[in-house]
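Chemist: Annotated transmembrane segment per TrEMBL: 46-66, 87-113, 133-153, 165-184, 204-225, 237-260, 280-306, 335-354, 360-380, 392-414, 420-439, in sequence order.
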């Protein structure tokens, strides 16, 4: 891999990662339906949202310790590679490139298309082909933007973050007005805990998976640790500000939903915020689908931006092909990595349904979080005398891992096909690792095909 190459303009990426806006995304417009469906009651669904924020706070504190102990960009992947070695790190990278980022992008793109098309199909679900086509166009356009200019990509992120905050602020404000007027029947304790089905641990675990999708992004700051100024101060500060704030916003948003919709109406809605706007905003109901669509548009852009950084970390460790490590010399953008992510996302768009995709990606996300936090405990045992500017109580990672084990075990029991598929895809990386990475003395013809000819076939702006 080239050591001296043109690097990305990353000044703005650090700001994006530090902000709670990186956590607050399309998930809050998608997950409430799934959380309520699996929780079975309004009251339990709200408890899931609050506890979900608490679990993220525990995980964030563990990641803060790892971030200053192993000051490498790349997040989970860099930490696991440092602690457990190449194979486990590669499997984490493999699952991120093939599952986490493409599936998350697919879910956000489908949300974008649903909110754009829902006003035109008020009494039915938008056509399958129309949602996929619009999602694909959105992914292709934003991939082109990210390939063309880092500055364009970051400006889009800044502008569309405003739409996200506008939509949530409007929902919370209108919801609080409704509550002040006495419209909170679904929130009364006598009704809030009326279960539509007998609650089970497996279904509650799936409710947490749905909520965790909305919280995804809490560890993004660790992807750019090397670029954070004074990480010992700023990592904990970002955690203590962002996680409680996001949890409060999500809980108030769900309370606002239930102030205007019955549980049955929320479960029947294909676009919760649109239904909310139609019931309460009258002639201004058009504001809601536009705001959510703009929010999800910015979310897609942000995930495309972040996914390329993970590819660079993998290339630095020799776990990804030479091609994906290349940056366009003029635009300073990782075009090959962006194209791979775009292609994988479009494939998943064509074969997945939003609800199952959320369970699928959330299961793999939690699996990687747990492995990383288990690595924290192992690293303390392996290198007890290593300087740790931040050191959390041992009860924090243990508490997280107990919850993690219960959640993944019952999720796998309740959705064996969806969750099991993620594990199978992750394990397919084992032979790939031994053939592509561990096997050092490959025949010269292999190196010629993968290395020299690759470089010769590329246009001159991509060569190193």
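Heads up, the Cβ atoms here are built off N, Cα and C, so glycines get one too.
Quantities reported herein were computed from a predicted structural model and do not represent experimental measurements.
Tell me about the setting of these features in this model.
Modeler: Counting only same-chain residues 6+ beyond the ends of the transmembrane segment (46-66), those with a CB under 8 A from a CB of the stretch are 35, 39, 75, 79, 192, 204, 207-208, 211-212, 214-215, 218-219, 222, 235-236, 239, 243-244, 246-247, 250-251, 254-255, 369, 372-373, 375-376, 379, 388, 390-392, 396-397, 399-400, 403.
Proximity of distant same-chain residues to the transmembrane segment (165-184), defined by a Cβ-Cβ separation under 8 Å and at least 6 residues beyond the stretch ends, is recorded for 21, 24, 28-29, 249, 252-253, 255-260, 273, 276, 280-281, 287-288, 291-292, 295.
Long-range contacts of the transmembrane segment (204-225) within the same chain, counting only residues at least 6 positions beyond its ends with a Cβ under 8 Å from a Cβ of the stretch, are 10, 13-14, 16-18, 22-23, 25, 27-28, 30-31, 34-35, 37-39, 44-45, 48-49, 51-53, 55-56, 59-60, 63, 66-68, 71-76, 79, 104, 107, 231, 235, 238, 242-243, 246, 250, 306, 309-310, 313, 358-359, 361-363, 365-366, 369, 406-411, 414-415.
Residues 18-20, 23-24, 28, 32, 35, 42, 45-46, 49-50, 52-54, 56-57, 60-61, 64, 168, 171-172, 174-176, 178-179, 183-184, 186-187, 214-215, 218, 221, 266, 272, 276, 279-280 of the same chain sit 6 or more residues outside the transmembrane segment (237-260) yet have a Cβ under 8 Å from a Cβ within it.
Here the transmembrane segment (360-380) has long-range neighbours at 59, 62-63, 65-66, 69, 76, 79-80, 83-84, 88, 92, 95-96, 99-100, 103-104, 107, 209-210, 212-213, 216, 219, 352, 386, 394, 397-398, 400-401, 404-405, 407-408, 411-412, 415, 418-419, 421-423, 426, meaning same-chain residues at least 6 beyond its ends whose C-beta is under 8 angstroms from one of its own.
Through the fold, the transmembrane segment (392-414) approaches residues 55, 58-59, 61-62, 64-65, 200-206, 208-209, 359, 363, 366-367, 369-370, 373-374, 376-377, 380, 420 of its own chain, all at least 6 residues removed from its boundaries and within a Cβ separation under 8 Å.
Beyond the ends of the transmembrane segment (420-439), by six or more residues, the same chain brings 86-87, 90-91, 94-95, 98-99, 318-319, 360-361, 363-364, 367, 412 to within a C-beta distance below 8 angstroms of the stretch.
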Chemist: What stretch, picked from 133-153, 280-306, 335-354, has the most CB pairs under 8 A with the transmembrane segment (87-113)?
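Modeler: Checked against 133-153, 280-306, 335-354; highest Cβ contact count belongs to 335-354.
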Chemist: Can you tell me which parts of the same chain pack against the transmembrane segment (280-306), counting only residues 6+ beyond its ends and a CB-CB cutoff under 8 A?
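Modeler: Apart from its flanks, the transmembrane segment (280-306) reaches 13, 16-17, 22, 25-26, 29, 101, 104-105, 108-109, 111-112, 115-116, 118-119, 138-139, 142-143, 145-146, 153-154, 156-157, 159-161, 163-164, 166-167, 170-171, 174, 178, 220, 223, 260, 271, 273-274, 338, 341-342.
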